[in-house]
């Protein structure tokens with residue numbers, strides 16, 4: 001089975017070819033990070049225009065690397081939700097054009113499910129499990145049962161963790177994206193430099209706006225007093241607090257649901273402190289932590305193709321998986337609100 005995956009939900013244009021749910025024949029990505037750097041974040045209109053400019057070229061590169069043609073493709077998987085609506089529409093429209101021209105069925109994929117299924121490309125995942133999804137736009141704890149039903153049991157009430165990293169990095173003058181820089185700075189700083197109060201929110205939900213505000217207020221106060229501090233110390237205090245919260249809530253969810261596996265997913269799953277600390281704390285409770293390789297943490301089309309593979313595999317009737325040419329992009333859609341796959 002050959003699935004062509006298409007991903008364009010934010011600022012990466014990606015097309016991949018995945019065979020039989022395990023073999024990545026190609027996974028090409030055209031990133032826009034350098035373009036958006038000067039703005040300190042993703043500009044939706046620019047992102048959409050870049051997708052239009054790049055998507056045909058990325059397709060050609062992916063097909064060439066996979067050594068196939070469109071005639072060899074059995075299914076087209078495309079991200080349709082959630083994301084920047086203009087960016088989503090580029091990928092969805094491109095998928096519909098290919099489907100119409102070559103009579104290939106379209107399988108719509110939820111972007112967050114794609115991130116979680118990235119783990120299935122590299123691991124034998126034991127279900128049920130808990131997944132911590134952490135990215136620039138999302139922070140969720142999701143329970144996945146034996147039948148691949150996705151149940152959202154926790155979410156951020158304000159900023160996503162990746163968004164908070166970018167905002168703190170902007171205050172510290174570290175550039176965009178902020179996550180990788182803060183990750184490196186953590187090991188050079190003192191995580192106990194600034195005591196940050198952890199927000200009290202219900203059960204498995206998160207709140208990061210107060211932590212971000214504490215960093216901003218401290219920086220402003222120091223500037224008003226003409227006092228200096230080590231940026232590494234403030235970055236370490238911020239990241240240490242955030243990772244503590246992520247680990248504690250995720251582990252509590254895993255214990256309550258009595259699962260033996262935790263999956264990390266999303267761009268922030270590449271964070272070295274989060275990986276090591278969650279793995280260490282989970283091991284104390286007899287729980288295994290798995291996460292994708294670095295190349296599969298960020299937005300990519302291989303994970304979208306993989307999600308489509310399991311959508312087909314678990315469907316009673318494969319035609320229930322298909323979308324027509326009236327498929328549209330959806331900017332906001334909780335993973336629990338989509339039909340189970």
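Each Cβ is built from the backbone N, Cα and C atoms, and glycine gets one as well.
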Co-listed Fe cation-binding residue [Swiss-Prot; alongside 111, 115] among 299, 320, 326: 299
Same substrate site per Swiss-Prot - residue from 158, 166, 205, 248 joining 133, 134, 135, 136, 137, 179, 183, 271: 166
Sparsest-packed of the listed binding-site residues (135, 271) - C-beta count within 10 angstroms: 135
Site extent for substrate (largest Cα pair distance over 133, 134, 135, 136, 137, 166, 179, 183, 271, Å): 18
Residue 135 (substrate binding site) and residue 299 (Fe cation binding site), Cα-Cα, nearest whole angstrom: 10
Local backbone state of residue 299 (Fe cation binding site), from DSSP in three classes: coil
Residue 115 (Fe cation binding site) versus residue 179 (substrate binding site) - Cα distance in angstrom: 18
Fewest other Cβ within 10 angstroms of its own Cβ, chosen from the binding-site residues 111, 115: 111
